[in-house]
């Protein structure tokens, strides 16, 4: 059996997970939380990760009941993500690999989300909606390559939600998106907001600017709507845009499955809206909860497991990081070829 440990820390979550041949043995995680109205700075986030990463590593080994000698490979997030947190995690992963005498693997964060989703849900050949704080893409796998069919042309949907939360001072604990989701359940009045779909792509900066500059405070102070109404309206608008481009990609690919991954993917309203579309097409929706949608170490371990089993190893001189999106090309996956 092949055992891989995965280190994830591309944003405000630090996670370490252990996978053994498709079985999640452990997956502890910590989140850096800032006060309401504030985002998380790369340097502060990296400082948080440095403070807790060894504790999380011990938890991962203890929960799995394993020793360093039982690990076959060390995987880490190579990118994309925030520079300082990525460097922090890469340094620890490199050090651990050398101390333990184990091979090292740099993993694409996006592919980690997709492979974890496929593992947990058993989706076969889905059209993937990848939605998180830093990414919004519709992806499908064809001819041994992940191909991006549509994406945001400016900011990610999670970033839009986070910045909206800052505008109306919604708490970041446990996360802005979760708190928006709960408030939206109490909203009853739909406020019309900009809806921007351009072919297979979406744009979220306009809706955010509209809320920031001319809408939120004016409407709230005048009593035209409540904060809950704004949360409800924002979710309905953003998620409708995502469902539209996902359906278009499904039609293009002839797909009958949708897999939602990424931190925003655990939003139950998004899952509900996507499920309605899928049922209308006779398709099936696959989604997970916060354990595997939100950034976690197990997803890096799973992608690393796939790569390691096919003979891939990252040399120490190549174990750098990148803040930008990596090529989604893969040569190590064989079960999902269409």
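Glycine too: its Cβ is placed from the backbone N, Cα and C atoms.
Note: TrEMBL annotation is automatic and uncurated.
Annotated in TrEMBL:
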- 109, 113, 130, 295: divalent metal cation binding site (BINDING)
- 130, 131, 132, 133, 134, 162, 177, 181, 267: substrate binding site (BINDING)
- 29-301: domain 'Gcp-like' (DOMAIN)
Could you measure between residue 267 (substrate binding site) and residue 109 (divalent metal cation binding site) for me? Cα positions, answer in whole angstrom.
20
Spatial neighbours, same chain, of residue 109 (divalent metal cation binding site) - Cβ under 8 Å, 6+ residues apart:
8, 10, 77, 78, 79, 80, 81, 295, 300
Span of the substrate site, taken as the largest CA to CA distance across 130, 131, 132, 133, 134, 162, 177, 181, 267 (Å, rounded to a whole number):
18
Would you find the one among the binding-site residues 134, 177 whose Cβ has the most company, meaning other Cβ atoms within 10 Å?
177
Suppose the divalent metal cation site is 109, 113, 130, 295. Which further residues of the same chain have a Cβ inside 8 angstroms of that site's Cβ centroid?
10, 110, 112, 114, 132, 135, 261, 262, 263, 299
Can you grab the distance from residue 177 (substrate binding site) over to residue 130 (divalent metal cation binding site)? Cα atoms, rounded to a whole Å.
15
State the count of C-beta atoms found within 10 angstroms of the C-beta of residue 295 (divalent metal cation binding site), not counting that atom itself.
27
Could you list the residues of the same chain, at least six apart in sequence, whose Cβ is under 8 A from the Cβ of residue 130 (divalent metal cation binding site)?
110, 113, 114, 136, 137, 138, 139, 261, 262, 265
